[in-house]
């Protein structure tokens, strides 16, 4: 595999060389002499046998893009780095080698770290090229044609609710809208959606779920499976038990953050049980410990045959909610820097040695000294065993709280019976999360273990993961180091002059309420043909409390002094309005409480300077003479604790005192859900 970095001829990637590890080779005389002065190691035996049949069918390990805008900054990474990131996530036998990709069906509304655009902003509108989830699904399929695709809405465009913040009053409209997305995926991108969800972490309607199944079948989508309800085990499990028609149309019960536990009703339904969103933890080694523990214990404790991480890749400004809660980090497209975090290699321990359609073995799975193991087979003689010994303090997920437990060093002896009794050697892959020195070992291949008379032993320490497998296809691949991290450029401009943009949104702008898209102004004489336009004109059926204003943020959250300039065009007569802003301190689910320095102009000719997005904290106001349907240039200058504003290059207001916030992003937006355009954005 080449001689590492020293060999100048090796191109592309160097793959991990074999490391010789300390695996005990079992022999008939039992364990060796006890270590001098050490307490005898706790020992226990475990039997792996398929002669009495198998356990549940395994459905795969996956991750979520969306819920929301979690992949926002990934799209404008330069090559080759963008492709490298995608390889680490999706390429089989390479990195995380994910089996499933779950994406948000954009609903034009805030869904955690931003908004994702809908394929139908308005009732008479359909566009299957907005946002980046289509692109991401195609990139995943390109690398792994067998990857399973899941779609789930967090929010819906306002027209679906006909003015009510509720998607179930007109269930036929909602079903038509969701089925349109599935049909569009096939028609425009040749993507087959495998599973469809109901409404993320919100109420379900039995009537709607049945109507969705009917609408799917009517459009020839019988193969699309329904998952419900992406919230808790109840009440969906109980309702399925008493409503046989609902039981007949729900294929998978998906619960979020189940803490590795399920409930009796869910088991009694006889349906597949998934942890359809989990993890959501900062991606350091504790996050890796959380992920290692739940990947095993969701099945061992809760019979769950799929675990899906939120989120796939942390590609959003880190100061937004749940910063770096992805399997890896790619939040700097301007530098090309990204980081393959330890959860990627923890994922590989399961994904590289199993496939959807394999089956779990019927074993208890709890280790005597704490920790767990699972064993899976393809039914053709292959066997993969994944063992984890994560300690309590090194494996806490963000939620739910983790009850105390202890893990101690131990010797585990496994007996292979049934069709595995002929196995002679197992390949070994090993990780150790080291919280003392910080020198963790991640996904290293060790010397194969010899199975002697159908048994082998492992000496397990705390905070380790082992995979023992008959498969020889495991591979730890690594690209050369990406470029070093750099802050967002301190001088940044975008004139939006792009005739055929690869994506519908301008790079680095992170929409937090509303949707800002590239727009071609056919009627413009020439200066403003290509602009950025806010296009959501009715409050969506929200998932959280979107602001009453629209806003998109950009830049470096640490910025203190800045000058923001932008050409603006108010489209809404009388009460329309737009703003530019600096030191913007909030976004995501907290967007309503955003503070900063906001410079507003309105169609009635007035202007305001406020300390908040809501416009309550007025620092200055007056007349500007701006009118709708005309271009004007706004400039906002913030230095220390003072701000000033220019209109069309002339001073309009100055010496406004700013106490806080002391730093934040630049931003632009509108007074309400209204059309407006922006051009020649510049921040310095």
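Note that Cβ sites are derived from N, Cα and C of the backbone, with glycine treated the same way.
TrEMBL annotations: computationally assigned, not manually curated.
According to TrEMBL, the protein has these features:
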ACT_SITE  201  active site, proton donor/acceptor
ACT_SITE  277  active site, nucleophile
DOMAIN    58-352  domain 'Glycosyl hydrolase family 59 catalytic'
DOMAIN    360-474  domain 'Glycosyl hydrolase family 59 central'
DOMAIN    511-684  domain 'Glycosyl hydrolase family 59 C-terminal lectin'
SIGNAL    1-29  signal peptide
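Neighbour counts were taken as the number of other C-beta atoms within 10 angstroms of each residue's C-beta; across the active-site residues 201, 277, the minimum falls on 201. Residue counts for the domain 'Glycosyl hydrolase family 59 central' (360-474) under DSSP (helix as H, G, I; strand as E, B; rest coil) come to 6 helix, 52 strand, 57 coil. On the 0 to 100 pLDDT scale, the domain 'Glycosyl hydrolase family 59 C-terminal lectin' (511-684) averages 97 in the predicted structure. Rounded to a whole value, the Cα-Cα separation of residue 277 (active site, nucleophile) and residue 201 (active site, proton donor/acceptor) is 10 Å.
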